[in-house]
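According to TrEMBL, the protein has these features:
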ACT_SITE  Glu96  active site, nucleophile
ACT_SITE  Glu100  active site, proton donor
DOMAIN    16-211  domain 'GH16'
CARBOHYD  Asn104  N-linked glycosylation site
SIGNAL    1-19  signal peptide
Amino acid sequence: MLLMLLMLLLVSSILVCYAGNLNGDFDITWGDGRGKILNNGQLLTLSLDRASGSGFQSKHEYLFGKIDMQIKLVPGNSAGTVTTYYLSSKRSTWDEIDLEFLGNLSGDPYILHTNIYTQGKGDREQQFYLWFDPSSNFHTYSILWNPQRIILSVDGTPIREFKNLEASIGVPFPKSQPMRIFSSLWNADDWATRGGLVKTDWSQAPFTASYRNFNADACVWSSGASSCSSSSSSTSRPTSKSWLTEVLDTSKQERLKWVQKNYMIYNYCTDIKRFPQGFPPECRIKL
Ligand SMILES: *[C@@H]1O[C@H](CO)[C@@H](O)[C@H](O)[C@H]1NC(C)=O
């Protein structure tokens, strides 16, 4: 009996220790109490009301990594709200990998807006509808960033790939500036929903988005050097560095095509009106 109790204690302490803690990975950076880390570090929430939104950022900077976060977006009437989740180096010629969730009226689809900046230049927008309601449950949003490619995935399904084409056609690739994770919930009803036609209904405030199960298999930057040995996580998972060389296998490529065919609603690479002088170089080559 005593032995069983001891074993139980041991098991539960191991679980707690592996369960990690969002407090160790993130700082709430603005919002005057509207951002919160709850349940012993297992849950993070951001909220928005008429007076302010809120945001958080990672304590670490990363140079390459596979970074997963489960997010549950603002439910109900989320029109006018934008939940951002991105990596950025925030320097003068910055690199950035953007996901922005544009809210909508109840029952109307969110838009997942993506962009990739290299050395301060973005203009690489792709937008998607999702194949589920992202506000009814948590879903996993992943950024794989290794020296050869950036892959954005939703519940393991790739939605976008940005390859390192620096050597072949000279398009800069983010490879030397460490980036931090940022997230925010704010009001953008001047453009977010149907191009700004639908405004935020403040009678529904406060609006809340939730985050959990953060996992970063990543190279952590500290005092000018990058160390890939440590893995920072709020879930238990063995660390391997296969993500550093990961590519899309055939079945993932098929999934990517499925998403692009059925759920992509905007692609800068096909927006002829926007690029009358010719598409950006990464759009022109057959990938
Ligand atoms: C909101 O719903 C409308 C109507 O279905 C749709 O046209 C629009 O793309 C949706 N998303 C946003 C963010 O506007």
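The backbone N, Cα and C atoms fix where each Cβ goes, and this holds for glycine too.
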Spatial neighbours, same chain, of Glu100 (active site, proton donor) - Cβ under 8 Å, 6+ residues apart: Val82, Thr83, Thr84, Tyr85, Tyr86, Leu112, His113, Thr114, Asn115
Where the C-beta lies under 6 angstroms from ligand 1, the matching recorded positions among Glu96, Glu100, Asn104: Asn104
Number of other Cβ atoms within 10 Å of the Cβ of Asn104 (N-linked glycosylation site) across all protein chains: 21
Distant-in-sequence Cβ neighbours of the residue listed as 'active site, nucleophile', under 8 Å, six or more positions away: Tyr86, Leu87, Ser88, Ser89, Asn115, Ile116, Tyr117, Gly122, Met179
Assigned conformation of Asn104 (N-linked glycosylation site) - DSSP reduced to three states: coil
